[in-house]
Structure formats: C-alpha cells, structure tokens
Amino acid sequence: MKDIRELGHLFACAFLFHFSSFMVIPSITDITVEALCPGRDRCSLAIYLSGFQQVITGLGTLMVTPLIGNLSDRYGRKALLTLPMTTAIIPSAILAYDRSRAYFYIYFIVKTFTGMFCEGNMQCLSLAYVADKVGERRRASAFGVLSGVSAAGFVSGTVFARFLSTSSTFQVSATVAVVAAAYMRLFLAETDRGGGCGGCGGEDEEASRPLCSPPSSDGESSPRLPALRKLPSLENMISILRTSNTLSRAAAVVFFNSLAESGLQGAILYYLKAQFQFSKDQFADLLLILGIAGAFSQLFLMHLLIPTLGEEKLLNIGLLASCAHIFLYSIAWSYWVPYLAAVFVVLTVFMQPCIRSIVSKKVGPSEQGMAQGCITGVSSFATIVSPLVFTPLTAWFLSEDAPFKFKGFSIMCVGFASLIAFMLSIMMRAAPPSTSQKLVNAIHVLA
C-alpha cells in the first residue's frame, strides 16, 4: 500500500487525462454523422473515415510508441509524459470553438495525428512509471489500480457528458486537459528508472533479468540488443520480442485481442445507432455502465483475486469474458441487450493489467519503457489491420445493400478474433517456444 500511495500524483494525472479524453466520446458519433450525412442515422462515409483514422493513428503509434518508451528509459518518464498530455488539448479545443463541417474536418486531421502521441504513449509511460515504483509481487495489483483510476476518469467524464450540452462538453474537455498537463508538470516527481529499489521489489523478490543479459538457465535466450537511438523499425520490435518466449507469447495474445477491441470500438457506436437509433444520451448511459463495471473490478475485485488465482488464470478469464461480451453485442435483439453485454466488462478488464504485469516481470528495471512500448506497438499494429478487415464489413452490413439482414455480422467476426486470443492464451502455456516465435514471425510477415 505504501508503493500505491507513492503513485498518487500519477493516478491524479491519469484520472484527469482520461476524464478529458472520454467525455467527448458520447457526442462525437452524432457530430460526425451530422457533419457528413445530415439528417440520417446511417453514414458509410463516417464509418470509412473512422476506419481511415484508426489506420493512420495506429501506424503512427506503432512507430512512435517504442521510440518514446525507449527514450523514457534514458531521459525520464515525466519528461516524455509531457508530449501526450499537451497534444491531447488541441482536438477538444477545436470542437469547443466550432462544430461546423469545415471545423470537423480540421478536427479530424488534427485528431488523427495527435492520436499517434496520445493513445499508446500515455498508457506505455504510465505503466513504466508504475513499474519503476512498485515491486514485482505487487505490480499486477498496481497496474490494476492504474487501470481502475483511468476507468474512474472514464466514468466521471461520461457522467458529465450525460448532462452537459455538446458545446459545453468540448469546452470542459479542453479545460480539464490543460489542468491535467499543468498538474503533471507541477506535482509529478520523476522516477529513477530502476536506479533505486523501487523497481526491484525488495530482497524477497527476484529482480527482473534485463533483456541484454546472457541466456538464463530456464532456456530463454536473450541476445544483446542495441539501444534504439533512432526511429525504431518493425524489425527492432520483432528482435526485442524474440528475446523472451514470454514476450513472444504475450505479443501474439495482445495482437489478436487488440484486433478484436479495435474492431469493436470502430463498429459498435455506428451499429447501435443504425440498429436501435441510439443517440448521445444512450451512448453515455452505455459507456457509464462500462466504466463503472471496469473501475469497480480493477480497483476492488482484481486486488482480491490476484493472490488467489494468479495473473495467467485472470488473463484467461478476461479473454473468455471478452468473447461472450462481443458475441452478445452482435446478436442483440432488443435495445436493453447492449446494456446487459456491458456488464461482462467486470471480467474483461482483467486482461490488460495481467498481460502488462507478465511482460513487466520479464525485463530489467531500466527497460520497462522499451518493453511496454513494444507491446503497445504490437497493439497499435492490430489497430492498423482491424479497420482494413472490419470497417468494410461494418459499412456493408449497415447499408441497404447488405447481402443478408444481420447488422451485427461484422461484430460477430470481431468476436472470432477475440476467441483466437483466448485459445492462444490457453495453448501457449503448454506450447513449445518455437510456436511463439512462429506466431511473432507471422505477424512480421503480415506487416
């Protein structure tokens, strides 16, 4: 608990950042559709533009996040956190000023490029900061608390969005983003990046072995890696992931899970608008349920279950619940079914803290940013592939030219990607190391 208390300022920054980021989500679908297809509930152009934005942002995140993570290992987490927290201010400020079609396109372009610095880097750097401060045995719980605080920001932002007008929503979002950046610069203390005892976990814990150390007795080879002094390529990331069987396995699971998550995020709001005529208030209600369930689970439930079940079992539970969550969305037969499906988030949120903790324990204290950045890069690569696969399906089955009447077909396909992640998580525990390496190689070939 002492370790957790030392992270108070980071938690405050994460809360404010996610409060600002998520409070605009209930409004953005209506603004997009109204700007591109006035007076209509369906808009294929909006779906394709959202997919294009995902691809470009994911491509940028894939390139930028490992670099930012590596730089934070050398120059400090706080110094690099300034980048995502300041760039996040600009998109909300644009729509706070005007939401006409012209300004929407300006917002769209700016949001696409600022997303490269915000979406992956805030998570990557926050996780590395926590790893610097918290020992290995308590790290999964600390990651869960960080995710829970972020979810609490999500809930608070959604509540505000539910009762604010659209114009006021973006004004408040921009203001809170400014406050978050200022708070971070004034109060957040820099870490020692593993130079002290914060990241080692104490004498009762075995310190993480650096990636650059010689091969260990457990059979995991760790070739010496060069520092990433320039923009890292996909080959750099693959080399890092190959240094450990655990990292290879985690990368494969993260890829397919992120493929599913990105596919769901890109389709669900347009699907609900077309299927049940959801608007800003219904979106806010649904997101509120998601946020409350996620915050409760990560702040309270996960802390109790980690010592009993362990990270790998909780990871499998989260992935299985994610499959059920997505499949239920796809076959929703009434407006209340999406609200029921949202309850599964109580279990699905276990996935991210558990997989990040497993990765964190396999690298040295001075390599947390690099490792978390590479895993985030794999996740970002999935967000590039996802729109290419699922956006055309979503637009096709929500249009009047659908081959058969099943508006949730693309979401069902997303569910199969989530099922693959679950099956890989189960199979990897008994699979030989070569299987993990082949999967990482397959992702490389796909790129």
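Every residue gets a Cβ built from N, Cα and C, even glycine.
Source: prediction; values computed, not measured.
Lifted from TrEMBL, the feature list:
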DOMAIN    6-433  domain 'Major facilitator superfamily (MFS) profile'
TRANSMEM  7-25  transmembrane segment
TRANSMEM  45-68  transmembrane segment
TRANSMEM  80-97  transmembrane segment
TRANSMEM  103-130  transmembrane segment
TRANSMEM  142-164  transmembrane segment
TRANSMEM  170-188  transmembrane segment
TRANSMEM  250-271  transmembrane segment
TRANSMEM  283-302  transmembrane segment
TRANSMEM  314-333  transmembrane segment
TRANSMEM  339-359  transmembrane segment
TRANSMEM  371-397  transmembrane segment
TRANSMEM  409-428  transmembrane segment
Do the transmembrane segment (314-333) and the transmembrane segment (371-397) come together with 3 or more C-beta pairs under 8 Å, pairs six or more apart in sequence? no
Okay, the transmembrane segment (103-130) and the transmembrane segment (170-188): do they have at least three CB pairs under 8 Å, pairs separated by 6 or more? no
How about the transmembrane segment (103-130) and the transmembrane segment (283-302): at least 3 CB pairs under 8 Å, pairs 6 or more apart in sequence, or not? no
Long-range Cβ contacts under 8 Å made by the transmembrane segment (80-97), restricted to residues 6 or more beyond its ends, are 13, 17, 20-21, 24, 31, 68, 71-72, 103-104, 106-107, 110-111, 114, 117-118, 121-122, 125-126, 129, 167, 170-171, 173-174, 177-178, 180-181, 184-185, 188, 369
Six or more residues beyond either end and a Cβ under 8 Å away: which residues meet both conditions relative to the transmembrane segment (339-359)? 127, 139-140, 143-144, 146-147, 151, 246-247, 250, 253-254, 257, 285-286, 289-290, 293-294, 296-298, 301-302, 305, 311-312, 314-315, 317-322, 324-325, 328-329, 332, 371-372, 375
With contact taken as 3 or more Cβ pairs under 8 angstroms (pairs 6 or more apart in sequence), are the transmembrane segment (409-428) and the transmembrane segment (250-271) in contact? yes
Contact count check, CB pairs under 8 angstroms to the transmembrane segment (250-271), set 7-25, 45-68, 142-164, 371-397; argmax is 371-397
Given the transmembrane segment (7-25), its same-chain partners at Cβ distance under 8 Å and 6+ residues beyond its ends are 81, 84-85, 88, 92, 95, 118, 122, 126, 129-130, 133-134, 142, 145-146, 149-154, 156-158, 160-161, 169-170, 172-174, 176-177, 179-180, 183-184, 187-189, 283, 287, 291
Are there residues at least 6 beyond the ends of the transmembrane segment (45-68) whose Cβ is under 8 Å from a Cβ of it, and what are they? 29, 32-33, 36-37, 80, 83, 108, 111-113, 115-117, 119-121, 124-125, 228, 231-232, 234, 236-237, 240, 262, 266-267, 270, 369-370, 373-374, 376-377, 380-384, 386-388, 390-391, 394-395, 398
Quick one: average pLDDT across the domain 'Major facilitator superfamily (MFS) profile' (6-433), no decimals. 78
